[in-house]
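Presented below is the structure to which this report refers.
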Amino acid sequence: MIGYGAILVALAGLLMTLPHFISEPYRYDNTSPGGISLTIKDPRWVGAWWLGFLIAAGAVALAAIPYFFFPKEMPKEKRELQFRRKVLAVTDSPARKGKDSPSKQSPGESTKKQDGLVQIAPNLTVIQFIKVFPRVLLQTLRHPIFLLVVLSQVCLSSMAAGMATFLPKFLERQFSITASYANLLIGCLSFPSVIVGIVVGGVLVKRLHLGPVGCGALCLLGMLLCLFFSLPLFFIGCPSHQIAGITHQTSAHPGLELFPSCMEACSCPSDGFNPVCDPSTRVEYITPCHAGCSSRVVQDALDKSQVFYTNCSCVVEGNPVLAGSCDSTCSHLVVPFLLLVSLGSALACLTHTPSFMLILRGVKKEDKTLAVGIQFMFLRILAWMPSPVIHGSAIDTTCVHWALSCGRRAVCRYYNNDLLRNRFIGLQFFFKTGSVICFALVLAVLRQQDKEARTKESRSSPAVEQQLLVSGPGKKPEDSRV
């Protein structure tokens, strides 16, 4: 089944590339007589987005091949299955039923025994499984440790879903870097840190021989450190570009007092987008027409060519403007920002193994498979589905200029960088805080259960000692286990 699932994933990756091959070629509106010269720094640049899906689909298909050579049943599982069938056969035999008649058993013991047999039966029919499922589901959800750990994992998965979906776009807009460079940094820093965090968490659990209380303390410590290293992210970022007619401030940029009266005679299209930058004042114009430019000059160089627009009536002293958006003065901050994000991701992933151990140790052996299934169901429904929508809606509220298509909003051209940073990082901080609260409650419940177990053990110890004294040296007590 795993091999078939991997093949389906590979086919899904191929389907994602299908729009590239069946759609029409990309078209751009020419807002100047000379046309548009696109570079990778241009926000309208569309690269080979489909190539990554093809490579990933091929890798998944190759990885699925070994699964088809696995046996249908593992030897250990086969022996265990045969043993359970023998136990069920002996339990359901007529001699056993006559020996353990209902008159000799209490109703509570009989009901408990039947429930256990239903739960461990390996060959339940669909009807029997449907009858048993609600009872086991409610029993699992009523377990406080399981419910709190799953809620904390929902918060972590919501954070991860938002990061995986919008972190490249956030870096591109916040620090004015290309999409390819943003994805390269994420692949070199964030993903390796996630792997390191998961491995270190498993090593700590094994080396320190952590029990439930120790696993809960490790999860809480990892999330507290992750929350602490997330605070500087609110203050690492770049200010918004000065866009003529959108975010300009006349007092701060005296060259903009001519705008917009200087371009009224040009009749510029409202939906055009071909940004140009004035290097002297670092003011960006939506199109050369909005800058009042009337001519275009191309300067060829050895490695690349630069496009300038001259005779611009809306620019100070008619200085030429450079095609493309203005470069940011703080693009170098993207590396420290991503290092903090990677460190926080590693600390958050430190909780992966201990939280999973808490789930496996907190439920009965026969309910472990169902508990893991319920866990992943909640993660998909409560985290991976709504989280991208929540993050996308929050990001859209920071847009200051929308491109229109058929009179409707199509894509955001410019964002308020301060609002974008505060709301995106704020959502991440909110989910991390929720995870910290859940792990704190898990640790409190585990300590309370441990305290109650010690109290019960201390109360039962004198009774055992008294039973040993009464029985004498040559006799054994009926039940000396605590």
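These residue numbers are counts, starting from 1, taken along the chain as shown.
Just so you know, glycine gets a Cβ as well, placed from its N, Cα and C.
According to TrEMBL, the protein carries these features:
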DOMAIN    256-316  domain 'Kazal-like'
REGION    92-115  region 'Disordered'
REGION    452-482  region 'Disordered'
TRANSMEM  47-70  transmembrane segment
TRANSMEM  145-167  transmembrane segment
TRANSMEM  179-205  transmembrane segment
TRANSMEM  217-237  transmembrane segment
TRANSMEM  333-360  transmembrane segment
TRANSMEM  381-404  transmembrane segment
TRANSMEM  424-446  transmembrane segment
Residue list, the transmembrane segment (179-205) vs rest of chain: Cβ under 8 Å, 6 or more residues beyond ends. 40, 45, 47, 163, 167-169, 171-172, 214-215, 218, 222, 334-335, 338-339, 341-343, 345-354, 357
Check the transmembrane segment (381-404) against the transmembrane segment (145-167) for contact, please; criterion is three or more CB pairs under 8 Å, pairs 6 or more apart in sequence. yes
Considering the transmembrane segment (333-360), which listed stretch of 145-167, 217-237, 424-446 counts the most C-beta pairs under 8 Å: 217-237
Long-range Cβ neighbours of the transmembrane segment (145-167) (under 8 Å; 6 or more residues past either end): 182, 186, 190, 212, 219, 223, 341, 345, 348, 351, 355, 358-359, 362-363, 371, 374-375, 378-379, 382-384, 386-388, 390-392, 395, 424, 427-428, 431-432, 434-435, 438-439, 441-442, 445-446
